[in-house]
């Protein structure tokens, strides 16, 4: 009798949970775009953005997805070719190339489509989400190159300068360099988290004057003021902010001898939040009068109107790094080149799906379909 009651309770709970999941969790994303032609293009060639997203049933909450993705998802094997390029100020940038020379779809390297990938704040070419993007590109026959920000991919820091979300000089140098090597190859970019913010700020600055055909943005922080405020809430500080701050400090600690020429490194290493780190280090390095000036300049929402090429931006509304109320929905509607895809779940660079989400995520599928759509059918949106 007891086991029968227990079984009934389990079944009842399971049915109730399934109903809740199907009614409240699994939803179609919100597609925000003012350009009907762009919408039709996405519906036809990137249909994943209009399909119901079914988050992993046992970890759909945003913070949980954010925390688990690095540990759950697989890490595809990628063999890189490293290149160091010099910058105008005497520094150097590390690029990791996946040439895909075995591509049967594009055997001619001079015309092989190229995807420039920008990792997040302290990320490099070794991040699992970057490896998955390269794996997706490999199956389509494309070439990839990963832009590692200064000083974090094992290379030496030759000048007392690292990187930030607002300064696009290094990105401009990388885009010019890659395009000059393969001027006949179709060329686009994808940025994740801070990499997406940097890419958006570059696109807002250059408008149509860029060799990039299009761009994909994932989990960008649209308004830095709102992002840091969200991350400073007690639970978010415990789960994310303090760890991210220590990662930032770790990324510069091995360059301490170089950086001590300009900074009080003891004070920088005492920071306990991203805001404190940016106040003592990042904003000072790039010559801002205050941290508020830096955060205003780094916020992509202020430059979205000036983007001049097709851009697809994926965000989850439960991303504590980019709160839903800070996503510039109304601004996006004023630019025919911009499309936002907003999911109800997914967290920050999470977007896990399936019972055991080891391989492909929803974000990976959006990346693959959009990149393929641009390279193979892009002529249908470039005349927008």
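For all residues, glycine too, the Cβ spot is worked out from N, Cα and C.
TrEMBL does not curate its annotations; it predicts them automatically.
Annotated in TrEMBL:
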type     : residues : note
DOMAIN   : 113-354  : domain 'AB hydrolase-1'
ACT_SITE : 193      : active site, charge relay system
ACT_SITE : 319      : active site, charge relay system
ACT_SITE : 348      : active site, charge relay system
Cβ packing number for residue 348 (active site, charge relay system), 10 Å threshold: 25
Cβ-Cβ neighbours of residue 319 (active site, charge relay system) (radius 10 Å): 29
Residue 348 (active site, charge relay system) and residue 193 (active site, charge relay system), distance between Cα atoms, whole Å: 8
Cα distance (Å, whole number) from residue 319 (active site, charge relay system) to residue 348 (active site, charge relay system): 5
Whole-number mean of pLDDT values that fall within the domain 'AB hydrolase-1' (113-354): 97
